[in-house]
Amino acid sequence: MPSVHETTLEIDLGALTHNYKYLSSKLAKGVKLMGVVKAFGYGSESAEIAKKLSELGVSYFAVAYTKEGVALRDAGITEPILVLHPQSINFEEIIESCLEPSIYSEFVLREFIKTAEKLGLKNYPIHLKLNTGLNRLGFIDPELNTVFDYLGKSDAVKVRSIFSHLAASEDWREREFTLQQLGKFRKMVFRLFENLNYKPFLHISNTSAVINYPEAAFDMVRCGIGLYGFGNDEKINEKLKPIGTLKTIISQIHEIAIGESVGYNRAFTATKKTMTATLPIGHADGINRQYGNGRAGVFIKDQYAPIIGNVCMDMLMIDITGIDCKEGDEVIIFGGPQHATVFAAKGNTISYELITGISQRVKRVIIEE
Ligand SMILES: *Cc1c(COP(=O)(O)O)cnc(C)c1O
């Protein structure tokens with residue numbers, strides 16, 4: 001591993017390969033894995049991740065927003081890309097960049113058909129999103145007749161896939177609810193198959209469903225968090241390797257006398273002689289104030305150093321009393337000795353929020369296999 005000279009998020013493509021292989025091993029033959037690379041590849045680097053996944057055999061990608069899909073096209077990604085949450089204002093751009101929209105409401109269906117017809121398109125691929133209980137996006141059963149009406153009247157679009165999203169696939173206490181969602185999905189798909197004279201492919205599983213509901217894999221699964229090395233469960237976490245390590249360095253060391261304070265609002269006051277280090281990372285980099293005042297800490301040479309006082313915008317201070325270290329030494333925020341899930345929990349959050357929140361100001365370094 002290279003040593004750092006500034007705050008750096010290292011992205012380990014070997015770990016990505018490991019995670020991809022692990023998730024693939026859970027899939028029956030013929031089931032495809034869609035690589036979910038939204039939000040900068042869960043805060044890593046979407047184009048590099050997509051390129052590596054494509055090398056490994058991933059042939060479909062998903063992003064949340066149009067802009068993210070356009071960025072992948074600009075980076076040379078040629079595989080089909082599903083845009084999970086487009087808005088009507090994006091439709092021409094979606095078509096120009098050969099992106100494929102999720103169609104989740106009557107309004108979106110009508111407007112997309114209008115745009116496709118205006119551009120003289122035939123059979124442009126769309127993906128129908130069904131709401132089976134998450135109540136976030138998608139058509140419910142009684143709305144399907146309207147969908148049939150629109151699709152029957154226009155050949156500008158063609159349904160390439162039908163999909164839905166699970167609300168609690170990681171939670172065994174919600175097993176009943178998840179099975180209900182799967183039942184609704186099958187029922188609505190049956191109606192769609194009856195009405196369309198072709199069979200779009202089907203998908204509903206996210207990472208946790210790949211592990212917990214193998215019977216729900218259908219034709220494809222949509223994996224995000226698992227590819228990045230997290231499994232919503234300690235046992236699965238053990239099988240996966242987080243791809244990201246967030247590192248920084250010690251900018252300056254101070255000796256704080258009894259009664260002196262450190263940082264804004266004087267939130268820390270020394271009750272004994274204390275050695276502190278200032279690190280060039282703060283809440284503008286994604287380490288928010290929740291982690292301050294001793295709630296979380298970092299690692300220097302495998303020794304734990306708690307964050308003291310309030311996290312500042314661009315810096316934070318740690319207590320290094322008793323740790324043998326000097327200015328310029330490497331500090332690990334998460335990864336290595338500190339699993340990001342453990343760090344996230346100290347800030348009352350989950351790995352998803354922590355890793356996607358590492359701001360674009362932090363340098364990304366790709367570690368090739
Ligand atoms: C983000 C997202 C996924 C990926 O979920 P993970 O839990 O990260 O695997 C799949 N499907 C949809 C609709 C999503 O929004």
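Even glycines carry a Cβ here, placed using N, Cα and C.
According to TrEMBL, the protein carries these features:
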- Lys38: active site, proton acceptor (ACT_SITE)
- Lys38: N6-(pyridoxal phosphate)lysine (MOD_RES)
- Arg136, Met313: substrate binding site (BINDING)
- 243-367: domain 'Alanine racemase C-terminal' (DOMAIN)
- Tyr264: active site, proton acceptor (ACT_SITE)
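Projection of TrEMBL feature records onto the structure.
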residue	record	DSSP class
Lys38	active site, proton acceptor	helix
Arg136	substrate binding site	coil
Tyr264	active site, proton acceptor	helix
Met313	substrate binding site	coil
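Confidence annotation: the domain 'Alanine racemase C-terminal' (243-367) carries a mean pLDDT of 98 in the model.
The closest partner of Lys38 (active site, proton acceptor) among the recorded positions, by CA position, is Arg136; the full candidate set was Arg136, Tyr264, Met313. A gap of 40 Å separates the Cα atoms of Arg136 (substrate binding site) and Tyr264 (active site, proton acceptor). Here the domain 'Alanine racemase C-terminal' (243-367) is broken down by DSSP into helix, strand and coil counts: 22 helix, 47 strand, 56 coil. All chains included, 19 other C-beta atoms sit within 10 angstroms of the C-beta of Lys38 (active site, proton acceptor).
The recorded positions in question are Arg136, Tyr264, and the one with the fewest Cβ neighbours inside 10 Å is Arg136. Met313 (substrate binding site) sits 11 Å from Tyr264 (active site, proton acceptor), counting Cα to Cα.
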